[in-house]
Structures are given as structure tokens and as C-alpha cells.
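What follows is a short report on a single structure.
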């Protein structure tokens, strides 16, 4: 069965579904789920250290694993949405799973029996390890909340984009999605983290539960306005069929005639293109491949595929090198996020005499920088670019700018950490406090650069994958970002573990280590990866994005 076109009822077909009327429901759900997720993830390192007596590096590793898991589950959600249930059912299901997990986490903060006895004076020798029951409830909650958060994050983006037929409106929606996600993260990483640090962990996590519940209710209320997609079976099965059919016909000779290749009777006949020619054999017709009842349908789906199915697989093969280059774009960011919290924990976080920034809130600088620049890019920078060049910037150009800014961020991080260590060893005499007198505001430049870079490369990647992937893989396309982030966090965890084993750069007390060397290492990795990205982008030829760029060029931004 050809699954290249999903059955979606268009907004202009007479049914008053889809369009901007769905915007408040989808973005409202996105805001609530983002707030709930950030409410427990942003302060997770501090919670594990202070409430579960986990040492600092191990807490950072758990943080990376959690973020990796919540970033891999969007792929699971996307596959289920594309293949079986559709976006609405997947979002409803995973929002409920997220709610259950957040309730478990809130219970560990509320019930004393679900937490170990606090450390005596912060000395590791007087810390009691959590019991297996306490660990079970905590990690069950984290696992469920991560699964739910991941299963909804990018499926919501896909469902929202599917409400529009106009590529210009889809582009505006993508920008709003990122802005709302970062705004929710900013509020969660400041207001909720402040409540957790200064009032009550139970109250902070309880507010995350309330935000999750409210998001689920808002999403369900919009059901009658949504444009629902109808899944057509697994598109991944078609990919496997193409590979199997091409292999089984490996000894067949290719034909230059379009009629020798299979196209459904509803599709105008066309031969496959010459790229990756060995796959073209999958659509080459042979005796017995087509039913003889006059329907013109495939009799042997594991020996014959349509030209469109073959071209869909080729699209994935073409874009894979570009996608892989983004893994080492995201890995330094993943490592940077956890280690920056440890830096802030060992710095002076006071603003004036009475206000103290929670260490878990320091990452909000990155979020705010990204949110601000998303607006500036959409309203000013792209207009200026268009006036100077006569066309809108392509997704690959946006991603390239993100690569450069990310490398600069790692270099600045190394310089700031070098200065902090010098102050610890040469100026700070009271080593018992385990922190530097250097202000945490020194972390603002590096976090700002990371956030500005994300404002360029993340929307660029979403636009690239959404428009270049086959139509049957739209949910999977937007979730490819999440897969990159998930791999990056797990790869970052492995890198930190490796560095900890082979070098003395990352001891439990980073004041006695060389975190600056880790950042210099990430800078070198970023430079090499940027070279790889340039090679991939130069050889890549757009399939659909050029149409989008032309449309954006003719669109007047309001």
C-alpha cells in the first residue's frame, strides 16, 4: 500500500476545522506541559544532591540521562502517531503518563518516608543512602514524567503545523512554538525553582502537577476544532520493503522507460531519478508483481514498490549526513547545561544583599536569550537579510550560524572557567566553603551565546526536516530534533564518564579539577564538526525547501 499521502481533511473543504482557531489550545497545552516539565527537570541536580544525598557528578549524569530519555521518546511518540493512533491520541496518552510521573516526583518531596535522612553538615561520611523503595518511587516518577514529556513535545508541534495548508503560516507557527517552549522553560526555571529552593520542594513540584493537569484539559477542550490526521500504517515498513525489493531484484537491468516502473494508477507515471540507482530496482515491474484483475495494484509488496516509496527512502538517505552533523552540535550543549549548574553552585550567586539566584535557575539565561532572539530574527534580522540579498535565508544557512555561535560559546566557557579556577586557587583562602567568590553573572556571556545559537539552528532544523522529509513521516521529521538531543545527552554522559575515568579534570569538587580543559575539548570538537557540516551542506540539494524559501520571500512579515 502506498502511504505517501496521509488522509487529512483540509481546512477549506467546508469543515470548520484547523487554522488559527486551534492555536490557543495547542499552544496552551504546550505552555502547560513545558512549565510542568521544566518545574522538575531544571532543579533536578540540586534535588538529588540535597534531598537524596547523590554526589555532584553522579547527579549531573542522572540529569543528562533524564534529558536524553525525554528527548528520545518523541521518536516513539512520532512513530505511534504516524503509524497507528494519530497525533491527538498520542498527545492525550503521553500527557496523562507525564501527569502520573510528576505526581510520583511530588510525592517524594512531600512524604518524608520517601526521602533519605539529610546529610549531617554536608559531609559525605554522614550521608545515608536512599533505600530501594525510595529510589524506586523517585526513578519511576522520573521515568514516567520523562516519557510523557518526550511523547508530547514534538508531536504537538506536528499537530499544530498540520492545522495549516499555507507554508508561511506553518513557518510562523514554528517560531511561536519555540518561543512558547522557551517562555515556559524560563518561567519554570525561575519561579518554580525559586519556590523549590526557598519555600518547599513539595509546593514547587505540586505546581508542576497542576500545570500538567491544566495543559491536558486545555488540549482536550480543543478537540472539536482540530484537523485530525488519519494514519495509514507504518511508513517505516515501506522503507524496509524498498530495501528488500531492491535486493531481491539486484540482478535486474534498469530501464530508461518510465512505463517500466510502477506508479499507482492515480499518479502520473514517472521514472525514479538517477541518484542511488540501485534502489530503483524496487520499483521495476516484473512478471507477477501486479494483480491481473485490472486494478493495477501490487500483488507482491515485498518485490515491488512505487516510485514514490523509492524516492522517499532516497530523501532520508540524502539528509542523513546533515542530521548526523547536528549530533555533535547538540552534544556540547548537553554537557554544558549540566556542568554550568555545577559551576553556579560553586560561585557567588547573590544579587545585592538579599537576593540569591538558585543554581538551577542559571540556565534561564540561555532560555531568555533564545526567546528574545527568536523574536528579533523573525521580525528584524530576516527582513534585513531579505532586503540585502533579495531572498530569505535557507534552513542550512540558519543552522550554519548556530554552529559558529556554539563554538564561540564553548570557547568563552573555557575562558570564564579558567578565571574562576584562578580565583579559587590564588585569591580564595576559605576552601571549606567549596565555592569561589567569583560572581555567577560571569556565566551570562556563555549561556547567552548558547541560547542565541539555538535560536538559529533549532528552528532551521525543524523547517529543514519538516519540508524535506516524506509527507508520511511528518511527525517523525519534527521529532528528529528530539532524537538528536537525546543522543547528545547520552553521548555527553558517556564523554563525562570517560573524562572522569582517564583524567582528573572532573572530580566531585570541581574546584579541584580542570573543567576549563573540558570546554576547550568541546571547542575543538565543535570546530571539526562545523567543517563536516560545511561539507555535507555543500553537497546537499533541496527537494522542497526552495519552494518554502520562495514563498517566504514573497511574504510580508507583519
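Each Cβ is built from the backbone N, Cα and C atoms, and glycine gets one as well.
What TrEMBL says about this one:
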- 21-49: transmembrane segment (TRANSMEM)
- 61-81: transmembrane segment (TRANSMEM)
- 88-111: transmembrane segment (TRANSMEM)
- 131-151: transmembrane segment (TRANSMEM)
- 172-195: transmembrane segment (TRANSMEM)
- 201-222: transmembrane segment (TRANSMEM)
- 357-377: transmembrane segment (TRANSMEM)
- 397-416: transmembrane segment (TRANSMEM)
- 476-496: transmembrane segment (TRANSMEM)
- 517-535: transmembrane segment (TRANSMEM)
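Put simply, of 131-151, 172-195, 201-222, 357-377, 397-416, the stretch with the most CB pairs closer than 8 A to the transmembrane segment (61-81) is 131-151.
Within its own chain, the transmembrane segment (397-416) has Cβ neighbours under 8 Å at 326, 329, 332-333, 336, 340, 442-443, 445-447, 449-450, 452-461, 463-464, 516-517, 519-520, 522-523, 526-527, 529-530, 533-534, 537, counting only residues six or more beyond its boundaries. Within the same chain, residues 33, 36-37, 40-41, 44, 52, 66, 69-74, 76-77, 90-91, 93-105, 107-108, 114-116, 482, 486 sit at least 6 positions outside the transmembrane segment (131-151) and bring their C-beta atoms closer than 8 Å to a C-beta of that stretch.
Below 8 A, the CB atoms of the transmembrane segment (172-195) and the transmembrane segment (21-49) form 3+ pairs separated by six or more positions in the chain. Comparison of 21-49, 201-222, 357-377, 476-496 by number of C-beta pairs under 8 angstroms to the transmembrane segment (88-111) places 201-222 first. If one looks beyond the transmembrane segment (357-377) by at least 6 residues along the same chain, the residues whose Cβ comes under 8 Å of a Cβ in the stretch are 42-46, 175, 178-179, 182-183, 185-186, 189-190, 193-194, 196-198, 337, 340-341, 344-345, 349-351, 440, 443-444, 447-452, 454-456, 459. A Cβ distance under 8 Å defines the sequence-distant neighbours of the transmembrane segment (201-222), meaning residues of its chain 6+ beyond its ends; these are 22, 24-26, 28-33, 35-37, 39-40, 43, 47, 51, 91-92, 95-96, 98-99, 102-103, 105-106, 109-110, 188, 192-193, 195.
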